[in-house]
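To start, the structure itself, in structure tokens.
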């Protein structure tokens, strides 16, 4: 190759290299230093100074921006670290501790309940319980599904848990199943590592050692429901699942519950407790000592065995309730840990209504048991005195009306004064008195004995009964009062209803010669909130008669037991002042006679008795209501063993839980269970039937609740046993 050709070739190569290098330099200016590629002259030729300086400025700005960003984020991190570690250390340290340190509530033990002699009626005992901590369980449904075969959870267990977990706090431990057995605990222990947040704990629960004996008065506790959850103080019930539902357990819930404590524990990520850091002990609820007597309650229960009805015994001097029985009863222990649907349906749907507290809720027509109180009203208004007599032909007719209001004795009682009217229970005498008095005065007088009003007893769900009036009838039935209704009310029939407890209080007022006391079951509370119930009369009936009228009425009631309708229970050891009564269940048409052979067992009359003893210095008043017991004389025989025990055997041979033997053949005075058949239904008579219509068709209605019986239009089968 010639020199000229070589030069041209080299020059072309150089030009190519320069152009290529320039392109590369422009694209990768930060990677290839220009001096290594081009000479200064070439740089000046291809990159003017102005462009180089601009590139340098761009490069420097990028560097400083990058450095600024890095410095900014470093300062941000440092400031955040300083904020966490220096300025807000306490707050975030506490929050950190809360992830591992927990404050667990400690439920207080419930206060015990005793009878008047210190016999334990409501106890506490420990049970093993499976609990779930919501804070440690992510998927509750999956956990519950896997636990079901291990703990043998039923559908009811799951439903109850799901209801509780909806209202539980995030940190709360919710019970899955109470009262675990050894097999449940053993199976769970083997797989516990699979269930973080689920533990076996020991909890205290309620136990009623005497089962049905005190069920209606003591009541029971049960799980807190949604309605109760809205009403209670959640802090006060932290860690607690149970609350009083009925009876003393409900009425004195604030005394029995106590105050919860708490325990600080350290837990791992699975919710397992690593160590205990501190503890504030809970305060146990108050112990309650009741006025009830175990022995008297036992006898009253035995007298009503196999029967429907109620017995109430009180101390008329103080208002202390000595016994309160509603029959049939139920086992309250079924409700504590959650009653099964089958068991609850059986109790709820039973026509005998074992859950119904007849003693304070049952509204019965009182029948002739109110004649002593009504008789005092005649004396108060000056309508009669003890010598006022009428001639009883066996019936009474209102002026201008041919309808006959019949006496329980078809042939009548002849000449009758107030004393004899009580002894033989003459209906006609009180028909005449009511006609003279009128319903307005009757209502005003009888309400002084507590009829139509709640007694104020320290038990929930008390019924007020009903003492009817023209205003009541217009308000509720939109119709006017009839004269015949006044006649029926005078002998405790028609729309007039009263609870056994109301009858007991009216009897106590009569025994106290007009002084009022308030019925109560609590005698004393011991514990954090101690107090003693002070027994004192709290009023007196406004009576315008003679001071000795009360004594004369007491003497008439003594003769009821000595020679009248209650003579089957007279005692040579003490005197009982009493009054029998019969409440008609099925109305009988005019011209027809009462015939038990044509009636079912539940259509028979109710038998009632009220009385107090010793008559001159009363220590006990007893009321018996025997549904379908036929007549008051039979009910009186159920009361006799209570008088005997309280006045003769209580101190010498008291009945205790360890032995229920009653010495001296005491129970032989009572009617043995089973003398009358006991059917499955509760019969109530038609409350709208009227006795004022001649030849009215007899009707009756059946109901699950004891209802007012129809107005009386016919006597009991046995004339002298009312």
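Here, residue 1 is simply the first one shown, and the rest follow in order.
Including glycine, each Cβ sits where the backbone N, Cα and C put it.
Within the set 63-83, 84-104, 105-125, the record from TrEMBL flags 63-83 under the feature transmembrane segment.
TrEMBL lists 407, 413, 426 as binding Zn(2+), and of 385, 392 the one it places in that same site is 392. In this structure, residue 392 (Zn(2+) binding site) is part of a beta strand by DSSP. Distance between Cα atoms for residue 413 (Zn(2+) binding site) and residue 368 (active site, acyl-ester intermediate): 16 Å, as a whole number. Non-local contacts of residue 392 (Zn(2+) binding site) by the CB criterion (under 8 A, 6+ apart in sequence, same chain) comprise 407, 412, 413, 414, 415, 416, 426, 428, 429. Using the Cβ center of 392, 407, 413, 426 for Zn(2+), the list of other same-chain residues with Cβ within 8 Å runs, in sequence order, 394, 409, 412, 414, 416, 421, 424, 427, 428, 429.
Classification of residue 368 (active site, acyl-ester intermediate) by DSSP places it within a helix. Taking all protein chains in view, 28 other C-beta atoms sit within 10 angstroms of the C-beta of residue 426 (Zn(2+) binding site). Its Cβ placed at the centre, residue 407 (Zn(2+) binding site) has 28 other Cβ atoms within 10 Å.
Under the three-state DSSP scheme, residue 407 (Zn(2+) binding site) falls in the coil class.
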